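**Q** Right, I'll just put the structure down here and ask away after.
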Amino acid sequence: MAAIASTLSLSSTKPQRLFDSSFHGSAISAAPISIGLKPRSFSVRATTAGYDLNAFTFDPIKESIVSREMTRRYMTDMITYAETDVVVVGAGSAGLSAAYEISKNPNVQVAIIEQSVSPGGGAWLGGQLFSAMIVRKPAHLFLDEIGVAYDEQDTYVVVKHAALFTSTIMSKLLARPNVKLFNAVAAEDLIVKGNRVGGVVTNWALVAQNHHTQSCMDPNVMEAKIVVSSCGHDGPFGATGVKRLKSIGMIDHVPGMKALDMNTAEDAIVRLTREVVPGMIVTGMEVAEIDGAPRMGPTFGAMMISGQKAGQLALKALGLPNAIDGTLVGNLSPELVLAAADSAETVDA
C-alpha cells in the first residue's frame, strides 16, 4: 500500500505554526512558461466488432426484469450498508481520495454518500470552469499511483482536463467490492451517542431539499464506526458536517475560511485534517471552515492528500494498520512523504 504524499515528514520536521507557508519567496520569472508537451505517438489498430452493426438486435428482455434487478440490487446494498465500517459524506476530490485510501484494505466496508446525481464535486473542471487541473508537487505522486497523465513543470503538474482525475479515481474506486456509492442521497444529520458520532441520517437528495414544501418525509439511517466528512466549503450544502457539530454543541465555533492564499492554505488543509470529535474525521475544504484556514483556489493537491490522510486516520481509528502511526506493512514507496498529524498543532474548535 502506498504511503501518503505531502509536504511534511512525520519524523524529521520541526513543529510549524498553524498556518506556516511552504512558499519561500522565490521570484516569479517574467519569461513565458514553456508548456513542455512531449510528442506522443499513437498506433490505431482496426478491430472488428463481434456483431454486425448493419443488422444489430438486442436479446429480448421483460421490462419487469429490469425493474426487479435494479430494485433488488439497490435494496440489498441498503441492507448491507445500514451498518458499515466507514461512511464518507461528500464525493468530491477529497472524499473520493479518502474512500480510495480506506478501501485499499479489502476488509473495510466503505459507503460513499453524495447528494448530487454526479459525484466528483468541483473536480470535473479547474478554476472558473476551465479544463486544466493544477496539482502542486509532491501531490503528483498520487496521480502517478492512480495512473493519471500530466504535463510536468518545475513545482507543479498540469492534468489536461480535471475530468481525467475524477473519472479515473472513480472508476478504480467503484470497481472495488468493498465500496458502494449512494449518489442522489443526502446526509441530513448525524447519529450521535454520548459524545461520539456513530453514523449519518440519510434521505433522497430531492426530499432533503424540499422539506419546506412537503411533510411526513422521515429519513433513514446508516450506522458507521467512522464518519469522514468531506462536504466542502460553506454554501447552501457545504460544510454541513462541522456546522451540525456546532449546532449540537460538540464544537464551539466554525469561523469559516479566510481569503485566498494558496501557499499557506494547501499545507494547512493537509496538516489540520484530523478526527475533530470522536468518530468523525474532517477533510478537504471543510477543514478550512472549522479552522479558519485560507481558501486555496483552483489547485487540487491538498484535496487529494487531505483525503488520503483522512483515509489513513480512519484506518487508525478502526485499529488497523495505517501510515499515520507507522503500522503499515507492505511495499511502501520511499519517495512518498507522510502528512504529519502533530497533535500539538490541533486547533480547539
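Counting starts with 1 at the first residue shown.
Keep in mind that glycine also has a Cβ here, set from the backbone N, Cα and C atoms.
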**Q** Name the residue, out of H211, H212, H233, that Swiss-Prot lists for the same substrate site as A94, E114, Q115, G122, A187, D218, M285, R295, M296, G297, please.
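**A** Swiss-Prot names H233 for this substrate site.
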**Q** If I look at Swiss-Prot, which residue among C216, C231 would I find recorded as 2,3-didehydroalanine (Cys)?
**A** C216
**Q** Please determine which of the binding-site residues listed here (A94, A187) has the lowest count of neighbouring CB atoms within 10 Å.
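**A** If we count Cβ atoms within 10 Å for the binding-site residues A94, A187, the smallest count is at A187.
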**Q** Quick check: in three-state DSSP terms, what is A187 (substrate binding site)?
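**A** A187 (substrate binding site) sits in a strand per DSSP.
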